[in-house]
Each structure stands twice: as C-alpha cells, then as structure tokens.
Amino acid sequence: MDQYEILGALGKGSFGVVSKIKRKEDGRVLVWKEICYENMQEKEKQLLVNEVNILQKLKHQNIVRYYDRIIDKPSSRLYIIMEHCSGGDLSQLIKKCRNERTYMDEEVIWRTLLQILSALQEIHNRKDGVILHRDIKPGNLFLDENKNIKLGDFGLAKILNESLYAHTFVGTPYYMSPEQIHGLKYNERSDVWSVGCLIYEMATLSPPFEATNQAQLTSKIQVGRYNPIPSQYSEHLSKVISLMINVDPKSRPNVNELLGYSFISFKVKERKLNIYYQGLKQMDEDLKIKEKKLSDIERDLQVKEQHLLLREQQINQREKLLLDKENFETQSRINIMNQQLQQQQQNQLQHQISNLSLNCNNSVNSCSSSSNNNTTNSINTQQQIHIQHNTQQQQQQQQTFQPYQIKRTFTTPLPNFK
C-alpha cells in the first residue's frame, strides 16, 4: 500500500469506499475499491472473490481494467485496484440532461450501445465460460476522458461453467429481466434486456418501467409495456430497443444476433471507419507534431551550428594569434642566439687574430734571431772549411800521391758546402 497515494474519495458503498489514488512509481492515476470483509457473510465473501477472479480475466477497451489487489488481513480489508475513468458514469450524464431538460444526441446513444455490445460480446463468448454481468445499469457504465464507455462493477457477475442458466435473484430491479425478477432460469439474454432498458433511459431520461413498490414494478416488467421514445429519434433506434426489451427471452436476441441486425451492422462498420479515420487523423496530428518538433530541433541545430562555427572562428583566430606570437618569440630567440653566436664568433676571431699576431711577432723575432745565428754559423763554418781546406792542401803537399786517398777525400760529402 505504500506504493500508492490516496488523492480523495469518489464514492461510498455498504462495505467500503472507492478512492482515487496515484501510483508513486509512474504517477498514474487509478482507483481502488476498499472493501471490509470482516462482517460479510460467506455468500458475500464468495461474490467478492468471484469479482476479483473475473476482473483478472478481462482485458478489453470497453471494460474497466483491473490492475492489482491488496489484502490487509489485520484490518480485514481488500483493495481492488482498477482503471480510473475521469468522465464519471452514465447516470451522471443522464441526470445532467434531465436537469438541463435536453435530450442526448442520437449518435451518442448509438455509440454507447455499440460499445456496450462490444464489451458484452467479450464476456458472453469466452471459451472458459460465459460471464453474465447481471447488474447492467447507468451507474456501472463509466466514461473515460474521451467519453468512451467502460463496463465496470462485476460484483454480481457470474460465470456459467456447468449450466447455460443462472437462478439467483440479483441486480437492480429497474433493469432486471422478467425471467430474472421471477426467479426463473436466465442466461446472457438477460443482460441484453438490461441494455435495452438503459438505452431507453438515455433516450427518454427515465427508465422504461417505474413504480412505487416492488409488486407494481414486477407487474409492469412482466407485461413489458413502455411509452415510446421521443419522435426526434429514428425508427431504427426504436426498433432496436423493442428487440432488446422483449419479455420472451427466446425471442430476445443475444449480442451476436444484435450485431448482425442490418442497421447495427451498418453502424458497426461506420464506427470502425470512424475509428480508422480518427486513427489516421490522430496519426496526421502526431506527424505534424513530430514535424514541428523536428523543425524545432533542426532550427536549434542550425543555431548551435552557427554558434559552433563562430566559436571555431574565434578559436582559429586565437590559435593564429598564439601561433604568430609563438613564431615571433621563436624568431626573437633565434635572432638573439644568432647575435650571441656572431658576437662569440667575433670574439673568437679577434682572439685568434690576437694570438696569430702574437705568434707572428714571436716568429718574426725568432726568425730574426735564427737568421743572425745562421749567419754567424755560416761564417764560422766557412772559416772552418777554409781552414780545413788549407790544411788538406798542406797535407797533400807533404805526402806522396795516393789515388785512393784522393778519391776518398773527394767522395766524402762536405758539411754545408755550397
């Protein structure tokens, strides 16, 4: 129960309250029927269990949708969670028309009839057993936000598993069939009688059979006489009502036979076409909405693209400025390095020139000194040679001629001889 939030009460019955609730996980608005079963008799408890079992089986666009059940044993309460019908019920619509003294449009009546028959076709033709509603009345026919009919309140419904007939006296007297009010066997055609009474009330704004006491009402229902519907309605509507409010259940059509009636069959096809065209119209509207959304998205993308282009231009400009700045700084560093290198080279060159000049001076001095020494040495050598030569001549003069010695003397190289 913590997963639901109570929004407010919608109605109150003999065994509990019907409240509008909101499912917290998704915010969906639903209804729960709170039923206290503590003081119920076994028969009533069985009807309650029966309703839940039937609701679990039914999934149809014209039947109130069942979602879940919660059993609170400490408080002896059962919560049946169902679809919320925001349009109220058919009894409220009839009361409104009665107060305003206006008749319903015939197309509204036909649409209601076709939707009720669609719901009954679902429950009367089930393979796992025919389901009788047994309490069809304006208060049990709900309207959604689009004014579509939803058959609800299956508290008196019965599944015919073993027999084609039921015997129990249940239902609302104004809408009960003759066989049902007399305690005779009845089947799904009894629901058709109730639908006939309901459609009649939509046209005339009052039930076909009214009385001040049960006996009088029973007598009128047994006879089956009622006042004609207002003349503003078609003969087809009057004919269909007379088919449904037929005291002889064997002559009264079932749902499938009613849907096969020519005018109703035509209305069914017309309704299907209307639903189809409404679907196309809705698809067209949805497409227009999607196109508008896509157009808005495209426009937003264009704006974003322009912003991105502008941003890209700004970034490119910044990158260019940064690159120019970086190139300028790099070139400046290169220029400084070149200047430093040139200065270093100049310094080295000057140093080399200075060293070279110093070396040259030293060389000159050395050469000058060496030249003087060489000159002196040369003079001394020449003097020595001259002296030696003279000595040799003297020796030759003193000695006898010896060819070998002469040859030896002349083949010996002379130092620094020029």
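Every residue number used here counts from 1 along the chain in the order it is shown.
Here the Cβ of each residue, glycine as well, is placed from N, Cα and C on the backbone.
Annotation source Swiss-Prot lists active site, proton acceptor at Asp135. Look at Swiss-Prot and you will find Leu10, Gly11, Lys12, Gly13, Ser14, Phe15, Gly16, Val17, Val18, Lys33 tagged as ATP binding site, backed by sequence analysis. The feature coiled coil is assigned by Swiss-Prot to 278-363, with sequence analysis given as support. As annotated by Swiss-Prot, domain 'Protein kinase' applies to 4-264, with the evidence given as sequence analysis.
A separation of roughly 18 Å, to the nearest angstrom, links the Cα atoms of the residue listed as 'active site, proton acceptor' and Lys12 (ATP binding site). Within 10 Å of the C-beta of Val18 (ATP binding site) we count 17 further C-beta atoms, all protein chains included.
Counting Cβ atoms from all protein chains shown, Gly16 (ATP binding site) has 18 others lying within 10 Å of its own Cβ.
Taken together, the residues of the coiled coil (278-363) have an average pLDDT of 89. In three-state terms derived from DSSP, Val18 (ATP binding site) belongs to an extended strand segment.
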